Amino acid sequence: MTSILRSPQALQLTLALIKPDAVAHPLILEAVHQQILSNKFLIVRTRELQWKLEDCRRFYREHEGRFFYQRLVEFMTSGPIRAYILAHKDAIQLWRTLMGPTRVFRARYIAPDSIRGSLGLTDTRNTTHGSDSVVSASREIAAFFPDFSEQRWYEEEEPQLRCGPVHYSPEEGIHCAAETGGHKQPNKT
């Protein structure tokens, strides 16, 4: 794996997944989307997809053999999911805090305003997934966005998004660097 050079103040990327339980309910999906925006994440890329069984098994292979593995794989392939590449100064930790604890009972007790605390149903149907490290974020982003070049993003788009101005395009569902006068620059893969 190639090393990606980042400036010390560079934005960090993370993968955020919205699970089938939330995507199936438009009001819940919109509530999660609004939480992403209100917490000042930049949405770099987004896509909605129906996950293939073999891709899901590969993604969760570290959990193979655990008691919840089969249930998790079946659930994650049961309906559409939404994948985001999010950027923020400390995107991984901020997204994990916003999600709340994996276990919904615990989330309701210690982080009731978190996504999982307020919207999660069970430990599997807990609304969201997020990368837990820079290494896993890179791996997970590549799994869902194979045409996305993290290196090229850090070289070309990150400085523009970090230094602003930034425009959110509701039609595209992503943030783009805006030129003076409000015209946005094309967002390249």
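Each residue's number is its place along the chain shown, starting with 1.
Backbone N, Cα and C define each Cβ position, glycine as well.
Taken from Swiss-Prot, the feature active site, pros-phosphohistidine intermediate covers H129, and the record attributes it to sequence analysis. Same-chain residues at least 6 positions away in sequence with a Cβ under 8 Å from that of H129 (active site, pros-phosphohistidine intermediate) are, in sequence order, L15, A16, L17, K19.
The ATP binding site annotation in Swiss-Prot covers K19, F68, R96, T102, R116, N126 and rests on similarity to another entry. Mapped onto three states, the DSSP output places F68 (ATP binding site) in coil. Under a cutoff of 8 A between CB atoms, and with a sequence separation of 6+ in the same chain, the neighbours of F68 (ATP binding site) are D123, T124.
Secondary structure from DSSP puts R116 (ATP binding site) in a helix. Remark: T102 (ATP binding site) has R116, D123, N126 as non-local neighbours, by Cβ distance under 8 Å and separation of at least 6 in sequence.
Max Cα-Cα distance over the annotated ATP binders (K19, F68, R96, T102, R116, N126) is 21 Å.
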